[in-house]
Ligand SMILES: Nc1ncnc2c1ncn2[C@@H]1O[C@H](COP(=O)(O)OP(=O)(O)OP(=O)(O)O)[C@@H](O)[C@H]1O
Ligand SMILES: Nc1ccn([C@H]2C[C@H](O)[C@@H](COP(=O)(O)O)O2)c(=O)n1
Ligand SMILES: [Mg+2]
């Protein structure tokens, strides 16, 4: 089976997860959020749980080998051939390690571009009980995004793979732009 994946990218609170839920409904992809997989690993009581929890609280990036194993396991267990990988790779090391281990590159990268003030407002009113949705950790996450995650976008941009979307608009308008990128022929019948 030939596996295809698309990356959903953007700063914390840019709306990646929200748009991924719509994409799953419309286009039949399996959504894999690296953050959700890491949070599930904490809850499962695994030996890495405490380390992951501490790193997330500090807004830091968990070592590649941990996140890649979780993504690979989720892909194998799912059996779909189309994946929407959300919030990964978070830095160049994540990216290089994933491509080396899997031998795969994304079909394209959706980049939800949103100003920090808007992302901060969204995160502070998200109310999902996330330990990292407090102003101190949010500021650290923004810094990590600028310093470590934007270079990943530059890498894929140089390969012509980035599809930039203005994510500061209402959810439905953002999704119209997403649909235009996937195209009508990829819609579920
Ligand atoms: N276009 C939008 N306009 C207003 N609010 C939005 C929009 N998109 C998402 N939201 C809201 O903003 C919050 C953050 O959205 P979401 O969880 O999708 O972001 P994310 O990019 O996945 O964030 P994180 O990186 O922290 O996981 C949620 O409460 C969501 O309902
Ligand atoms: N590739 C990744 C993805 C996420 N994390 C950690 C660090 C993030 O702040 C946290 C939450 O992720 P989100 O749900 O906001 O996408 O999870 C990581 O270390 N590596
Ligand atoms: Mg998310």
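Each Cβ is built from the backbone N, Cα and C atoms, and glycine gets one as well.
TrEMBL labels come from automatic prediction, so no person has curated them.
In the record from TrEMBL, residues 13, 14, 15, 16, 17, 18, 169 bind ATP; the candidate from 39, 126, 130, 139 listed for the same site is 126. Of all the binding-site residues in the record (39, 61, 87, 89, 94), the one with the smallest CA separation from residue 17 (ATP binding site) is 87. Between the binding-site residues 14, 18, 94, the minimum number of other C-beta atoms within 10 Å of a residue's C-beta occurs at 18. According to DSSP, residue 13 (ATP binding site) is assigned to coil rather than to any helix or strand.
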